[in-house]
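Some features that Swiss-Prot has for this protein:
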BINDING   H118  chlorophyll a ChlzD1 binding site
BINDING   Y126  pheophytin a binding site
BINDING   D170, E189, H332, E333, D342, A344  [CaMn4O5] cluster binding site
BINDING   H198  chlorophyll a PD1 binding site
BINDING   H215, H272  Fe cation binding site
BINDING   H215, S264, F265  quinone binding site
MOD_RES   T2  phosphothreonine
MOD_RES   T2  N-acetylthreonine
SITE      Y161  site 'Tyrosine radical intermediate'
SITE      H190  site 'Stabilizes free radical intermediate'
TRANSMEM  29-46  transmembrane segment
TRANSMEM  118-133  transmembrane segment
TRANSMEM  142-156  transmembrane segment
TRANSMEM  197-218  transmembrane segment
TRANSMEM  274-288  transmembrane segment
Amino acid sequence: MTAILERRESESLWGRFCNWITSSENRLYIGWFGVLMIPTLLTATSVFIIAFIAAPPVDIDGIREPVSGSLLYGNNIISGAIIPTSAAIGLHFYPIWEAASVDEWLYNGGPYELIVLHFLLGVACYMGREWELSFRLGMRPWIAVAYSAPVAAATAVFLIYPIGQGSFSDGMPLGISGTFNFMIVFQAEHNILMHPFHMLGVAGVFGGSLFSAMHGSLVTSSLIRETTENESANEGYRFGQEEETYNIVAAHGYFGRLIFQYASFNNSRSLHFFLAAWPVVGIWFTALGISTMAFNLNGFNFNQSVVDSQGRVINTWADIINRANLGMEVMHERNAHNFPLDLAAIEAPSTNG
């Protein structure tokens with residue numbers, strides 16, 4: 001007994017620190033991934049808040065035409081954004097000490113790169129921390145696997161896409177209208193709506209919402225009756241009560257009759273695996289689609305696919321989308337180039353007479 005006490009007393013400061021970091025008894029689990037997650041996410045969050053409020057305009061296109069994104073420079077919550085790093089910087093690592101001055105760093109959009117790189121490191125560590133806590137508690141690792149879907153999506157738009165396009169200026173701005181601008185330009189340049197992986201992502205997100213609503217409403221409606229046939233079932237149930245009221249047999253019977261027998265799960269684990277896997281796989285595919293379109297492997301092109309016997313084009317929905325894409329493309333970065341790439345790359349049509 002004495003030897004054990006001596007060993008505890010002689011435990012080093014480092015040993016006590018390790019035990020505290022990896023203890024699952026803490027109110028909030030830290031873990032070794034948390035040691036990196038906490039400072040990176042705090043840095044990204046604090047710089048985002050400061051830059052969103054007060055950052056000066058950024059020369060995003062590298063043509064000496066700064067774009068304002070902060071609240072103090074005339075924006076509101078909807079129009080405000082952290083403007084991406086300048087095209088003049090490209091993919092160069094651009095910390096503060098690489099600039100001649102802080103003013104130059106701000107003018108070239110240094111905060112965007114700082115926020116994005118810290119944020120991606122932070123959310124990756126959050127995913128690792130989920131696995132680490134699951135491991136400490138003897139759980140299975142699927143929580144972290146599910147979280148990998150939004151991590152992959154964020155990595156695709158903030159890192160993979162800029163790498164493929166050759167500049168952080170092509171990354172998604174950190175703001176509401178900036179996000180929509182990114183989506184519109186992405187459609188114009190890559191025809192993402194005609195990409196099968198994006199279609200799978202839409203099915204994953206909308207399907208996941210539908211299944212979540214169906215599951216929640218079904219569980220809430222499946223009561224173990226606490227009342228007689230002569231009074232409402234609601235009388236035996238208090239909204240939000242802690243005691244379980246869910247009966248999977250009743251839910252299975254209801255849903256099997258509403259649609260058909262095999263559309264309903266009678267196994268709770270199979271049901272919840274499906275609820276988790278459907279949106280996760282869909283978002284994985286979307287992230288993969290963004291990552292391939294980053295290198296210009298774009299959505300399907302069915303432009304002018306249908307012609308009559310005289311060779312005249314019969315417009316289809318694909319041609320309508322193509323015209324919309326061209327319109328969006330000529331509107332963005334309108335001072336950076338005279339023609340969008342699609343228009344500049346083709347030969348001029350020949351004229352008769």
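Including glycine, each Cβ sits where the backbone N, Cα and C put it.
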By Cβ count within 10 Å, point out the most packed of the binding-site residues listed: H198, H215.
-> H198
Reduced to three states, what secondary structure does DSSP give Y126 (pheophytin a binding site)?
-> helix
Spatial neighbour of D170 ([CaMn4O5] cluster binding site) that is closest, considering only the recorded positions H118, Y126, H190, H215, S264 and their CA atoms = H190
Roughly how many angstrom lie between the C-alpha atoms of E333 ([CaMn4O5] cluster binding site) and H272 (Fe cation binding site)?
-> 46
Starting from the Cβ centroid of H215, S264, F265, which together make up the recorded quinone site, report each further residue of the same chain whose Cβ lies within 8 Å of that point, ordered by sequence.
-> M214, L218, A251, H252, F255, L271, F274
Looking at the recorded positions H118, H190, S264, which has the shortest Cα distance to H272 (Fe cation binding site)?
-> S264
Could you state the CA-to-CA distance between H118 (chlorophyll a ChlzD1 binding site) and F265 (quinone binding site) to the nearest Å?
-> 42
Nearest-integer angstrom distance between the alpha carbons (Cα) of F265 (quinone binding site) and H332 ([CaMn4O5] cluster binding site) | 49
Record-listed quinone binders H215, S264, F265 have a maximum CA to CA distance, in Å, of 11
Count of other CB atoms lying within 10 Å of the CB belonging to Y161 (site 'Tyrosine radical intermediate') | 22
H272 (Fe cation binding site), DSSP three-state class -> helix
Three states by DSSP: which one describes H332 ([CaMn4O5] cluster binding site)?
-> coil
Name the one residue among Y161, H190, H215, S264 whose Cα is closest in three-dimensional space to that of Y126 (pheophytin a binding site); these are the recorded positions.
-> Y161
